[in-house]
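Look at TrEMBL and you will find 1-258 tagged as domain 'UvrD-like helicase ATP-binding'. Per TrEMBL, ATP binding site is recorded for 21, 22, 23, 24, 25, 26, 27, 28. Feature annotation from TrEMBL assigns domain 'UvrD-like helicase C-terminal' to 259-520.
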Ligand SMILES: Nc1ncnc2c1ncn2[C@@H]1O[C@H](COP(=O)(O)OP(=O)(O)OP(=O)(O)O)[C@@H](O)[C@H]1O
């Protein structure tokens, strides 16, 4: 069941361990077996084992599996953020923050930052620049300061503290602070396991370093680090080697994909120049070769989408829709694909497009609960004022919010006398409703409040597709009811909402998702459309070596999601070039049968390889030869006993 290296990793104990491996080599499986082993063989206390995963979904799967196999319920299976939230709650006094803080979502944080920029009149600073400055300080722990940006950052920090708010990056930052100031944390865990270690950023690495002793196992594949743009540091693996002097175990067998796919994945990586290259073994397939991955070219997006949907229909004879996925580099390319699937009557789900809890109507409704949980939260208060149909002007809104101090509910009563009678009555009623419904049952509370403020009418007045939005609200109510019945507190519920990644996960049908969100998943059939320069690799990477390396890793992740069938397609509109990654794949690994009649495919693929006159080349049938002359897509080659004109695509340069 486990191969010898996997078994060795499971049983390893007593020293730090670095488990490094390629895609599909059973890292997750080994990690789970290791936890089981720690509990049932080593007798460790499950509540003193910390497991850190990259997604909440992975955390839930591990928790459930351990409960099922060894009957133990793990207390600490966390993402870095959920771990941080628990720590901050326990150590809030030490950190000088109140326990009932509100988590600020990204767009609310952006609004707050925009306000600061407006207020400070800092026209020359863009929102993006300020955000990146804050991230660098908090996630990359960069010390140096820029006076202007620092002032804006301090202002932001002040606002967060005064309104009892936390944003995502401050969670990790504060957690690290708690770890450094409270030695108890270093004694809290008997074993620490970290999955997807390659995606840790500096602050996350420092968090681990400050609580881990020798009982730590990190699992990672630096070739799958795809979050460098979010400050992930794939070379944390090298830091780990230096700081912890771990034993290193490598997993080299891939159990997921048929051999052609593995050989393609290896070819993609062989062009990488990463510093950790030697740490990661070259993947060895355990499955034999079956279908060569198919390459297809189309003139237009519509044609590509149509072909994919027809191919899916054919494959349906062998695979259920759920086992097929279309992975895209950027979401805007899904438009045509969705239409084509829809027209063919193929069920599909778009994973993580607009996440459920990020939809406007859901945020509108939840603003009431957020405010009841934290009456200092002015952003939620502002949002609920808008939702409550009081038709306040911006000035009246500012007046109310300006009057508000710590407890917005009490303070905004003071604004009543400054408002026109009708609006004052409206606001008064709203405040009454809010104070009346501060009971515990958040499900009933929200239902009652939404009823009283006329939320349905608000949706109707403000959104064209309000029936769909109403459906979402019903879904939200079902969710709240279920959580309430499970005894989850409002505070924990709101934290959960903030951390929920893909709620849209339960649908059936073909999955459409970004390559980023496909990480850790596997599908028997994978389509990779729009493999074009500027799309994949992304245009931002075309002139930047480091980003291009990350795109390459992303392409590697995409390919290695496929178990049996892989389709690589692109379109050839004006100014479009096929992805340069395609040229890194040796042609004998691909099914290029569609190009037999349209030989122009080959030079496109080969366009990045420069063949020169006088160069030594190899042809599959004719063997070694030397190029005499070049004419567009063909070359005249001297093979010794004869000379032939050959399409460039059939020639391999010989160094
Ligand atoms: N020893 C084994 N024998 C047979 N199958 C295995 C073995 N180990 C892993 N597998 C299978 O290989 C596949 C990949 O395993 P897993 O998802 O754990 O890999 P991973 O290394 O986490 O992959 P990735 O990093 O690409 O997401 C799974 O289908 C798993 O069941």
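Glycine is no exception: its Cβ is also placed from the backbone N, Cα and C atoms.
TrEMBL annotations: computationally assigned, not manually curated.
Small disclaimer: the values here were computed from a predicted structure and weren't measured.
Following the DSSP three-state reduction, the secondary structure of residue 21 (ATP binding site) is strand. Excluding the listed site residues 21, 22, 23, 24, 25, 26, 27, 28, the same chain places 221, 251, 254, 255, 256 with Cβ atoms within 8 Å of the centre of the ATP site Cβ atoms. According to DSSP, residue 26 (ATP binding site) is assigned to coil rather than to any helix or strand.
If you take every residue in the domain 'UvrD-like helicase C-terminal' (259-520) and average the pLDDT, you get 82. For the binding-site residues shown (22, 24, 26), fewest C-beta neighbours within 10 angstroms: 26. The most densely surrounded of the binding-site residues 25, 28 is 25 (count of other Cβ atoms within 10 A of its Cβ). Of all the Cβ atoms in the protein chains shown, 24 others lie within 10 Å of the Cβ of residue 23 (ATP binding site). Cβ neighbours within 10 Å of residue 21 (ATP binding site), excluding its own Cβ and spanning all shown chains: 26. All chains included, 24 other C-beta atoms sit within 10 angstroms of the C-beta of residue 27 (ATP binding site).
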